[in-house]
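Visitor: I'd like to ask some things about the structure below.
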Amino acid sequence: MATPNGLARIETTGKKKQDNGVWYDDSSAPVRAQTIDELHSLQRKRSAPTTPNRSAPTTPIKGGAHSPFAVAISEEERHTQQMQSISASLASLTRETGPKVVKGDPAAKGEAAAQGAPSTPRAHQQHRHPAAPAIAVSDSSLKFTHVLNNLSPAELYEQAIKYEKGSFITSTGALATLSGAKTGRSPRDKRVVKDEVTAQDLWWGKGSPNIEMDEKTFLINRERAVDYLNSLKVVRQRQLLNWDPENRIKVRIISARAYHSLFMHNMCIRPTDEELEDFGTPDFTIYNAGQFPCNRYTHYMTSSTSIDLNLARREMVIMGTQYAGEMKKGLFGVMHYLMPKRGILSLHSGCNMGKDGDVALFFGLSGTGKTTLSTDHNGLLIGDDEHCWSDNGVSNIEGGCYAKCIDLAQEKEPDIWNAIKFGTVLENVVFDEHTREVDYADYSVTENTRAAYPIEYIPIAKIPCVGPHPKNVILLACDAFGVLPPVSKLILAQTMYHFISGYTALVAGTEDGIKEPQATFSACFGAAFIMLHPTKYAAMLAEKMQKYGATGWLVNTGWSGGRYGVGKRIRLPYTRKIIDAIHSGELLTANYQKTEVFGLEIPTEINGVPSEILDPIYTWTDKAAYKENLLRLGGLFKNNFEVFASYKIGDDSSLTDEILAAGPNF
């Protein structure tokens, strides 16, 4: 969210560094409720006493539950294949071939036959909507499970409002939902199956976000989740990841909540009718049984929540959390594994295209201004969070945006404000019970309120979300120590060092009585999602930068003239001028001088930016305090990098040695 000067505010609460040293950028505190009823009471605010509070009569949907899904499908063979595919998805260990899947409702057909209804001619049987509910018959033939296929947003609205308590339409047309007791990700409950392949490929041990589980435990949880889903009406969505058509991933999401289905409809790339017809077997499947807990006495489980990833089976199982962001970030982790195997670099970054067609990547943690700076109306937005860099250029992984909503204001972030309309999912927001107007300043449920909407809702979005090879790689840091320059040009080794470090600084909340800035490091600016060792991603980044002529930059959006509490935050207009100078190529021909300790090259002048702020030492009145804070920050960088210092690619440590030499020098 923006502060008065327009930059994203610094987070002060609700985030903790985990025991293994990994900083989880968007995990959040538990919901502020003790019971489900209390949670629902927090969602809706009572209207003011002067506002009449009348209950409008409810009009039932005509035609019953199945009426929206009664149109045609012509290819009988293709439909049969789809039914077989659904059956395979819902197979479990005790039902290896999956439940029998038939068209229509066998119970309804039986009733019609008993009443002497004439049979329907075959020609008419084929006229059905592609989203018609398939009925999966359990082995015992005593239960029926509706499988709703690729519903539209309007149909998902109907399902959510009718069957999911806590689902409402807001005054702007968005769907307000509740994610239950979990209002943020649960990184400590994420597990990855460790087998012969992943034991060698993935990053394990200190600092890694990957917590192991075995195949047997995964199958136990998968069985539990699939059996639960088989007892319900489930929604199946088929979506795509990666706008690069040569490197797309086909994803199937099976969930029990329309909210989850609409969320993924917005966040993934929405296939055309032709792409759906030729969809075939998915590359990855998510089983979201988040309403049902895992057995916490199962091996490797530490709570009733578990997010399990099996890369060999290409499946993810979610239990015990209804927070939709687990699906988004789970798939991002999958892309962090699959794409590098194809020689494609996956990145946790924003990306835009300048007015002259040049592309820039923006890396940064919360509060650095990544969204603010990458969403520039002088250019086009390729994406705000997840990207791939291949030999074809850069491409957005997703088809939507997942924006924070706390303290959202129209005048500060009009693009996000205007995107909250019909089709958008609003998570855990509070609204007026009568008018349905959302109060974005109210965090009664959680501070981690979010909006998920298609990227087409942003006016400056570039569709398709692809671009040429980036010319600039911009690493953003909000330095609350006030010792990093507003902009520095980096050599390749420095780019790798600062990319692996993933530095920013947080300011402790005043309620704690602590005024000291707190350094935060998140490897590759997304430690919670990476699968391989950070040095592998850094090496791929350097290789592509060298191959395609990209330049690395370190941009400080934090403090100048003193640390937090003494100096002032660098003004947003100055930072925008710096970004403009990077886009235009002005800084490539500027004169540079080198700083102490970090050895950063800083320009002596930039058009529209006061020269006296370019070298931080000249903005401090207390030079001794500057030196003290500079050495302190350098020491924090050194300490953080110790966990990466011994890494070798094969038996060769030369790359790591080169990267280490680019760090602070005392």
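Placed from the backbone N, Cα and C atoms, the Cβ positions cover glycine too.
Sequence annotations record features per position, and here Swiss-Prot assigns region 'Disordered' to 1-68, 91-132. Sequence annotations record features per position, and here Swiss-Prot assigns compositional bias 'Polar residues' to 48-58. The compositional bias 'Low complexity' annotation in Swiss-Prot covers 109-123. If you look up Swiss-Prot, you'll see Gly364, Leu365, Ser366, Gly367, Thr368, Gly369, Lys370, Thr371 marked as ATP binding site.
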Visitor: Within 10 Å of the Cβ of Thr368 (ATP binding site), how many other Cβ atoms are there?
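Guide: Neighbour count, Cβ to Cβ under the 10 Å cut-off: 27.
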Visitor: Could you list the residues of the same chain, at least six apart in sequence, whose Cβ is under 8 A from the Cβ of Gly364 (ATP binding site)?
Guide: Gly350, Lys370, Leu475, Leu476, Ala477, Cys478, Thr504, Phe525, Thr557
Visitor: So for Thr371 (ATP binding site), how many other CB atoms are inside 10 Å of its CB?
Guide: 23
